[in-house]
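**Q** Dumping the structure here so I can ask a few things about it.
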Amino acid sequence: KDPSRFCAFRVVKFRRTGESSRSEEDGISGEHEVQIEGVRTELEPVELGDGAAVPKEFANPTDDTFMVEDAVEAIGFGKFQWKLSVITGLAWANAMEMMILSILAPQLHCEWRLPSWQVALLTSVVFVGMMSSSTLWGNISDQYGRKTGLKISVLWTLYYGILSGFAPIYSWILVLRGLVGFGIGGVPQSVTLYAEFLPMKARAKCILLIEVFWALGTVFEVLLAVVVMPTLGWRWLLILSALPLLLFAGLCFWLPESARYDVLSGNQEKALATLKRIATENGAPMPLGKLVVSRQEDRGKMRDLFTPHFRWTTLLLWFIWFSNAFSYYGLVLLTTELFQAGDVCSISSRRQEVKAKCSLSCEYLTEEDYTDLLWTTLSEFPGVLVTLWIIDRIGRKKTMALSFLVFSFCSLLLFLCVGRNVLTVLLFIARAFISGGFQAAYVYTPEVYPTATRALGLGSCSGMARVGALITPFIAQVMLESSVYLTLLVYSGCCLLAALASCFLPIETKGRGLQESSHKEWGQEMVGRGSHSPGESQE
């Protein structure tokens, strides 16, 4: 036969993704070439647009089995993911329960004549609840399912959030807000559930976009306070602040369990039904073949975060999350102090005036105070946009490092006795980038851990973040009384170290599929034509 008479066959190139770029299996059975009728056909890469579905004729052409990762990539992004974005975003809008702390504290200080330490304790108890529960919620989500853990934590937060509006005395509201914090510690599991339904190319953008719900929650809380506080009071503000969680509770029946979790726990039929449901809603074909059931393994075990492969990653991520929360909430506290003083150089004289006042003296929040709160919260949106633009260009690790470096640089510039306008710009930029770094960490963390420990990994990191949030008032308020320059130096130095930690993370997750299991069972990912020739490998 004349080989020249053969038709040209388009062959899709698949690569089995490994646990890291240094995986021992990278060069073994990674890429395959197809021999047809004695003619050696070169592998041709196929380029897909962001979120585009894999054509049916290319869905698993060389195998009669597929994994959840293959199905998610083949189905692509569609109507199902849009619905999921809104519902998980409602859970993420629990930022209202955090933002209310800056409004509730001065109100109770005046109405109940609370000393300063009791006002500070009202804020700290929320972070104590979050810190103590984050790992627990992660363990529940790994053991009993992402949907289960998320629903229980949201309903818990909703119940005690509304109940705290009826607190008759200080001790009651202290306990109830602590229980609210305990529930909030599980809300980040919405990111775990959400990420496991997203195709690779859309994952970073989508996770960042649901972070917009956090920013919307903070803005809505300030606007709600402007309307409710002068007329109905703080009790109604607490009750109405639970509105997004109430909407989530009404819609959560639609949420499916993660197909990745179902496969890992041995529920193959349930996982397949979920994937078929997604394909139907998106109007996309399912991959050809049979769904592979991953090897069942123990889930939600803390020791799995410290295996040789993940030990260094876990320790570095814990410090990165600690630094994010330490710097983010520290800047929120410093903003009030700096705005009221005018600039850094005026803080010392202002502190002396404050010490002369009675500890029970109080001032209600004014309309100007609410305006300042609104402007500072708006800086969250530029942070999302900047992170959204760079995270798929330079990678997750470099995005986090850049965010920490910019925050550190802006903190050092605050040493200068600048005017209020320049001060506002520096604080705005610093908060935008530190919130952007936080968002990048929320993208990276679910991507780097396998399904068996993904929720626990995110939960433990979130717990370390609450440790940073607990410590930061002692720096931003107590140390500030002694030396404003030392305070700024602490925040700047911490973020410099966090930037280094980001660079030393051993795994870059940009362009990689989610790891199904700790036993190196990975999905398949398309190799795009953009920057790689057919013969090149891709990290």
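Quick reminder: no glycine exception, Cβ is built from N, Cα and C everywhere.
Automatic prediction, not curation, is the source of TrEMBL annotations.
As the structure is a computational prediction, the values presented were derived from the model and not from experiment.
Pasting the relevant annotations from TrEMBL:
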type	residues	note
DOMAIN	83-510	domain 'Major facilitator superfamily (MFS) profile'
REGION	516-539	region 'Disordered'
TRANSMEM	84-105	transmembrane segment
TRANSMEM	117-140	transmembrane segment
TRANSMEM	152-173	transmembrane segment
TRANSMEM	207-228	transmembrane segment
TRANSMEM	234-255	transmembrane segment
TRANSMEM	309-329	transmembrane segment
TRANSMEM	399-416	transmembrane segment
TRANSMEM	422-444	transmembrane segment
TRANSMEM	456-476	transmembrane segment
TRANSMEM	488-507	transmembrane segment
**Q** With a cut-off of 8 Å between Cβ atoms, can you find at least three pairs linking the transmembrane segment (117-140) to the transmembrane segment (456-476)? Only pairs 6 or more residues apart in sequence count.
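**A** Counting Cβ pairs under 8 Å (6 or more apart in sequence), the transmembrane segment (117-140) reaches the transmembrane segment (456-476), since there are 3 or more.
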**Q** Taking the transmembrane segment (207-228) as the reference, which of 84-105, 234-255, 399-416, 488-507 gives the largest number of Cβ pairs under 8 angstroms?
**A** 84-105
**Q** So which of 84-105, 234-255, 309-329, 399-416 is most in touch with the transmembrane segment (152-173), counting Cβ pairs under 8 Å?
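**A** Top-ranked stretch among 84-105, 234-255, 309-329, 399-416: 234-255.
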**Q** Short question: which residues 6 or more past the ends of the transmembrane segment (399-416) have a Cβ under 8 Å from it?
**A** 320, 323, 327, 331, 338, 344, 387, 390-391, 423, 426-427, 429-430, 433-434, 436-437, 440-441, 444, 485, 488, 491-493, 495-496, 498-500, 502-503
**Q** If contact means at least 3 Cβ pairs within less than 8 Å, sequence distance 6 or more, would you call the transmembrane segment (488-507) and the transmembrane segment (84-105) in contact?
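**A** Answer no: the transmembrane segment (488-507) and the transmembrane segment (84-105) share fewer than 3 Cβ pairs below 8 Å.
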**Q** Could you give the mean pLDDT over the domain 'Major facilitator superfamily (MFS) profile' (83-510), rounded to a whole number?
**A** 81
